[in-house]
Ligand SMILES: Nc1ncnc2c1ncn2[C@@H]1O[C@H](COP(=O)(O)OP(=O)(O)O)[C@@H](O)[C@H]1O
Ligand SMILES: CC(=O)N[C@@H](CCC(=O)OP(=O)(O)O)C(=O)O
């Protein structure tokens, strides 16, 4: 028996309802630009990566311009540990000396970037792997002298990305930038994604992480957050640790002209599709006020 013969009419009704529900969202996002930050913790298994890649190809197929900006902190930690180098973090950012930045670039622009590119191409898309160095896309200044070669983007040139959109290619970007003195800078993945989303005036910035969204004081995920609520939850300490740079990136992106930012769990199968194409969405949405 073929699998579809085994499907009940109830299955078919559910499928039809889902497709119907998606229709207004498919219309809304036609030709929209969606920047997705894929964090190292959200990358997981090969099956998870393949599923993410299929979602991205589906987005491209329905006329969205997806841009992937990735992290890879755990993969950098692995190689540094094998090389016997200890790494420390200050306020969520890796202290990066001249030797460390070489390892960071090798892991992010090499191993991690190409894994995502290959997964998207296997799923039927045409992904192009880049770092912020390509076409001088991301120019940085030092973030903080204490952090060494950690960059803060000062200029992001989206020209190359627009050229790729015209040919329906999918940019996959490692968060590495250059400095005025030709230095190589390590950029926090969230920061790079926010800066790119701002330069593109993106419709959505999706920050994929390892929690369901931003939680309030009682531990409940807040599905829609205002800018004021983010400030309040940060000053009372409810938003803490790694969530601080994430919500700050979301607010900076909104200031730069991005229409909305969403923080969601990248380990949930089809998280991106559920966010974009269903009425209940996924995660915490922060909209410009
Ligand atoms: N209010 C909050 N809501 C949700 N997560 C929070 C909150 N405050 C702190 N966190 C922490 O932030 C973490 C996400 O940041 P981080 O670990 O840096 O993510 P990633 O590695 O995906 O970039 C969560 O796993 C959680 O432990
Ligand atoms: C400056 C800084 O901290 N850069 C990060 C870049 C990778 C990253 O952001 O990875 P995740 O998204 O997986 O955390 C780092 O060196 O780990």
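Using the three backbone atoms N, Cα and C, a Cβ is placed for every residue, glycine included.
Residues annotated as domain 'Aspartate/glutamate/uridylate kinase' in TrEMBL: 33-264. Here TrEMBL flags 37, 246 as site 'Transition state stabilizer'. Residues or ranges marked as substrate binding site by TrEMBL: 72, 73, 94, 186.
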In sequence order, those recorded positions of 72, 94, 246 whose CB lies under 6 Å from ligand 2: 72, 94
Secondary structure at residue 72 (substrate binding site), reduced by DSSP to three states: coil
Of the recorded positions listed as 37, 72, 73, 94, 186, the one whose CA lies nearest the CA of residue 246 (site 'Transition state stabilizer'): 37
PLDDT averaged over every residue in the domain 'Aspartate/glutamate/uridylate kinase' (33-264): 96
Any further residue of that chain within 8 Å (Cβ to the Cβ centroid of 72, 73, 94, 186) of the recorded substrate site: 40, 71, 76, 96, 104, 107, 108, 175, 188, 189
For residue 246 (site 'Transition state stabilizer'), the three-state class that DSSP assigns: helix
Same chain, 6+ residues apart, C-beta under 8 Å of the C-beta of residue 72 (substrate binding site), given in sequence order: 40, 43, 107, 108, 111, 112, 174, 189
Residue 37 (site 'Transition state stabilizer') to residue 94 (substrate binding site) - Cα separation in whole Å: 18
Under 8 Å by Cβ from residue 186 (substrate binding site), same chain, sequence gap 6 or more: 94, 96, 100, 101, 104, 105, 149, 150, 151, 175, 176
Greatest inter-residue Cα distance in Å for the substrate-binding set 72, 73, 94, 186: 12
Listed recorded positions (37, 94, 246), ranked by Cβ neighbours within 10 Å, top entry: 37
